[in-house]
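K.L.:
Got a structure here, written out as structure tokens. Questions coming.
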């Protein structure tokens with residue numbers, strides 16, 4: 001078996017010394033083990049005609065390219081993030097479909113296939129990541145590539161009622177069948193994909209996870225992404241920076257509810273604020289004795305939907321503090337800024353409650369990081385949305401419906417008053433799962449399964465080859 005070739009929308013620079021998150025950690029671990037290539041967008045626009053930038057370190061090579069302003073707008077902003085992202089997070093009301101954006105999305109996937117093709121070797125295995133690159137295997141197949149190609153979707157896959165509302169849904173489904181292995185975060189996501197596929201064409205299934213559709217054979221499997229628990233525990237348990245140590249001392253008699261999420265409508269942040277207000281309403285005995293800190297750095301600030309949610313959170317935070325605050329006590333701290341990941345792990349460790357309640361999330365690694373950062377002898381309690389992929393694994397968390405403010409409020413009260421023995425027991429069960437299903441286990445399982453797939457024959461490629469771009473009727 002040859003090299004591993006990883007393809008993602010963005011690549012982590014080889015000289016990046018910062019704390020890498022989910023995808024980067026898993027990809028780097030896999031590439032170091034197998035040797036290979038990481039191919040993706042540089043994050044820069046302009047000078048798109050210049051040659052690929054290549055950097056080699058040992059047995060690993062990074063190859064990156066620039067996008068034109070038009071390609072960036074149509075492929076990334078207008079289709080990936082204004083059509084696929086909201087739809088896959090069950091927000092059809094926020095989808096802004098435009099035909100030029102769909103054509104740009106298709107064009108860039110074809111362009112990327114053209115750029116990668118000269119770099120490929122016959123025995124490479126190719127691992128493609130996330131919703132930006134749904135047509136990528138199809139474009140490679142058109143160019144005669146019969147290598148094993150796997151795909152992992154980091155975000156949820158919506159039900160047919162949602163997915164089939166997208167005008168190019170049928171084309172996207174057929175393109176996905178050009179992958180040999182399709183990986184999902186949860187069983188619900190895998191089944192939602194198969195349900196959407198079955199609504200459009202005849203699907204033949206052998207066993208439970210080997211399928212054929214449109215004359216193409218592929219496998220589906222569930223691979224819940226993990227974290228590096230040992231690394232997080234080490235970051236969390238180290239000495240505190242002076243300002244954080246001072247803050248901890250000042251809050252020694254206050255119970256801390258802590259939450260950190262990217263500012264995104266899928267994270268359920270307004271609902272979180274309302275649930276905290278319900279806690280203050282229902283359980284006045286906590287007044288002056290708790291503090292909820294929400295860190296939510298700006299994401300996609302140029303998009304109106306994200307501007308709206310930022311303004312909503314600022315308004316809600318001011319209203320709640322104005323209603324319940326006292327001299328010397330501010331019940332809610334909302335910080336719209338970025339903090340170093342290592343610092344956040346230390347904050348997790350001294351927090352009494354981790355509040356992770358997205359409305360829809362593929363996995364949510366923050367939930368796993370909170371658990372890994374805790375002191376096993378005196379752990380905090382995780383309150384977790386039933387709609388986060390992590391809820392399928394972290395069953396000892398307090399699982400809540402984020403749309404039910406009273407349900408979340410009751411869970412917060414229970415977390416704040418939970419006896420030490422129960423906290424230790426729940427934490428130990430979750431930590432065991434996180435250690436067992438860490439980031440290395442995730443990537444090793446996926447690559448092992450991809451290697452086990454039989455390569456496609458030249459006859460199959462010729463039969464399925466399409467000469468033109470997909471167009472909407």
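Cβ atoms are placed via backbone N, Cα and C, with glycine included.
Pulled these features from Swiss-Prot for this protein:
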- 10, 76, 130, 300: D-glucose 6-phosphate binding site (BINDING)
- 21, 22, 262, 267, 339, 365, 366, 367, 368, 369: UDP-alpha-D-glucose binding site (BINDING)
- 85: site 'Involved in alpha anomer selectivity' (SITE)
- 155: site 'Involved in alpha anomer selectivity' (SITE)
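Structural setting of the listed features?
P.N.:
Sequence-distant contacts of residue 10 (D-glucose 6-phosphate binding site), defined by Cβ-Cβ distance under 8 angstroms and a gap of at least six in the same chain, are 40, 41, 43. Residue 10 (D-glucose 6-phosphate binding site) falls within a strand when secondary structure is assigned with DSSP.
Around the Cβ of residue 339 (UDP-alpha-D-glucose binding site), a 10 Å sphere holds 12 further Cβ atoms from the protein chains shown. Following the DSSP three-state reduction, the secondary structure of residue 339 (UDP-alpha-D-glucose binding site) is coil.
Neighbours of residue 85 (site 'Involved in alpha anomer selectivity'), defined as other CB atoms within 10 A of its CB across all chains, total 21. Look at residue 85 (site 'Involved in alpha anomer selectivity'): DSSP puts it in a helix.
With a 10 A radius on its CB, residue 155 (site 'Involved in alpha anomer selectivity') counts 20 other CB atoms from all the protein chains.
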K.L.:
Between residue 85 (site 'Involved in alpha anomer selectivity') and residue 155 (site 'Involved in alpha anomer selectivity'), how many Å separate their Cα atoms?
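P.N.:
About 8 Å separate the Cα atoms of these two residues.
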K.L.:
Looking only at Cβ atoms, how many others are within 10 Å of the one on residue 366 (UDP-alpha-D-glucose binding site)?
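P.N.:
So the number of other Cβ atoms within 10 Å of residue 366 (UDP-alpha-D-glucose binding site) is 25.
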K.L.:
Of the residues named as D-glucose 6-phosphate binders, 10, 76, 130, 300, how far apart in Å are the Cα atoms of the most distant pair?
P.N.:
18
K.L.:
CA-CA, which of the recorded positions 76, 130, 155 lies nearest residue 368 (UDP-alpha-D-glucose binding site)?
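P.N.:
Among 76, 130, 155, 155.
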K.L.:
Counting only residues 6+ apart in the same chain, whose Cβ is under 8 Å from the Cβ of residue 76 (D-glucose 6-phosphate binding site)?
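P.N.:
9, 67, 132 - these are the non-local Cβ neighbours of residue 76 (D-glucose 6-phosphate binding site), listed in sequence order.
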K.L.:
Within 10 Å of the Cβ of residue 368 (UDP-alpha-D-glucose binding site), how many other Cβ atoms can be counted across all chains shown?
P.N.:
30
K.L.:
Given the binding-site residues 300, 339, 366, tell me which ones have a C-alpha lying within 10 Å of the C-alpha of residue 155 (site 'Involved in alpha anomer selectivity').
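P.N.:
Passing the 10 Å Cα cut: none.
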K.L.:
Compute the C-alpha separation of residue 339 (UDP-alpha-D-glucose binding site) from residue 300 (D-glucose 6-phosphate binding site), stating it in Å without decimals.
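P.N.:
Their Cα atoms are separated by 17 Å.
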